[in-house]
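Colleague: Just lifted these from Swiss-Prot, have a look:
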BINDING   R87, Y91, S183, Y189, S279  isopenicillin N binding site
DOMAIN    180-286  domain 'Fe2OG dioxygenase'
BINDING   H212, D214, H268  Fe(2+) binding site
BINDING   R277  2-oxoglutarate binding site
Amino acid sequence: MPILMPSAEVPTIDISPLSGDDAKAKQRVAQEINKAARGSGFFYASNHGVDVQLLQDVVNEFHRNMSDQEKHDLAINAYNKDNPHVRNGYYKAIKGKKAVESFCYLNPSFSDDHPMIKSETPMHEVNLWPDEEKHPRFRPFCEDYYRQLLRLSTVIMRGYALALGRREDFFDEALAEADTLSSVSLIRYPYLEEYPPVKTGADGTKLSFEDHLDVSMITVLYQTEVQNLQVETVDGWQDIPRSDEDFLVNCGTYMGHITHDYFPAPNHRVKFINAERLSLPFFLNAGHNSVIEPFVPEGAAGTVKNPTTSYGEYLQHGLRALIVKNGQT
């Protein structure tokens, strides 16, 4: 069962000290992260150094210029049986059934000669891209953005590490750029005069995506100006405030697993709002063979109970379970 979070407060945390040399300032940020992670489970990361206006411009341009044929050619196996990809590719809207559409891409380091690609290890795919003559700035931007968000997320993880009583570089090795299974999803929610049927929560709220826990170490999300997210708390479902400038950060179930839910994955959902908007999550994942042994965080009670599992095994099982629960996105 998901953990009901004690608060709906979502603080904004200046993460820039985590990239500096001031140990006291780093510890201060770590304690702010600790409070947020054990409160609502969410915080906004400010002073992140990412050009979010350029991000919006490129993603809007991409969605605006994609033809139906291009979408089909790039569609994942669930929508196009000629494409073996199950992660990287286009996730199509289906008229009368499903309005949301998205493009997901993986680590640019995954090339044909990458050991995990050569061995056909699950969850690893060489990215397919739209025609670069028709979309000249899309691939270069996306590959650079991936590396920016990996660096940003690694810095944020140093704050989590300090908050857990570990060295600040505790997670660095598991997040090496050559092997990380992290992904970016460029999700578009359209405005439609006639919207397909949407699901309804137990409390009567219409939903674009039902309640779920993220399958990740952490999720680092940028979204445009429409408020739509809710977190499940001891007082029921509560709105998460929006931000036009900052990245929303929360733990995924792997952090919950290795910390024995000292830092739980907050249960959250997406309200249905008929408005044009973008949701752009970066799901931070370790490498396939990475193993982080569960531990009892500093200051927490209890003993180690959770089993050790490789990250690849965790991710494959978790993504399958999410599709079974909430359906194919």
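Quick reminder: no glycine exception, Cβ is built from N, Cα and C everywhere.
Fair warning: this is a prediction, and the values are worked out from it, not measured in the lab.
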Colleague: Among the binding-site residues listed here, R87, H212, H268, R277, which has the most company in the form of other Cβ atoms within 10 Å of its Cβ?
Modeller: H268
Colleague: Specify the secondary structure state of R87 (isopenicillin N binding site) as given by DSSP, simplified to three classes.
Modeller: coil
Colleague: Suppose we draw a 10 Å sphere around the Cβ of D214 (Fe(2+) binding site). How many other Cβ atoms does it contain, all chains included?
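Modeller: I get 24 for this one.
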Colleague: If you run through the domain 'Fe2OG dioxygenase' (180-286) with DSSP, how many residues end up as helix, strand and coil?
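Modeller: Counting residues by DSSP class gives 6 helix, 49 strand, 52 coil.
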Colleague: Count the other Cβ atoms sitting within 10 Å of the Cβ of Y91 (isopenicillin N binding site), across every protein chain shown.
Modeller: 21
Colleague: Give me the CA-CA distance between H268 (Fe(2+) binding site) and S279 (isopenicillin N binding site), in Å, as a whole number.
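Modeller: So the Cα of S279 (isopenicillin N binding site) lies 14 Å away from that of H268 (Fe(2+) binding site).
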Colleague: Please report the distance from the Cα of D214 (Fe(2+) binding site) to the Cα of R277 (2-oxoglutarate binding site), rounded to the nearest angstrom.
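Modeller: About 21 Å separate the Cα atoms of these two residues.
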Colleague: Just to verify a number: CA distance, R87 (isopenicillin N binding site) to the residue listed as '2-oxoglutarate binding site', in angstrom, no decimals.
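Modeller: Given the Cα positions, R87 (isopenicillin N binding site) is 22 Å from the residue listed as '2-oxoglutarate binding site'.
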Colleague: What's the CA-CA gap between Y91 (isopenicillin N binding site) and R277 (2-oxoglutarate binding site) in angstrom, rounded?
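Modeller: Rounded to the nearest whole number, the Cα-Cα distance is 16 Å.
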Colleague: Are there any residues in the same chain, six or more apart in sequence, whose C-beta is under 8 angstroms from the C-beta of S279 (isopenicillin N binding site), and if so which?
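Modeller: In sequence order, S185, I187, Y189, L221, Q223, T224, N228, V270 meet the Cβ cut-off.
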Colleague: Other residues near the Fe(2+) site, CB within 8 A of the CB centroid of H212, D214, H268?
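Modeller: Those within range, site residues removed, are D211, L213, T219, N250, A265, P266, N267, R269.
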Colleague: What is the separation, in Å, between the Cα atoms of S183 (isopenicillin N binding site) and H212 (Fe(2+) binding site)?
Modeller: 18
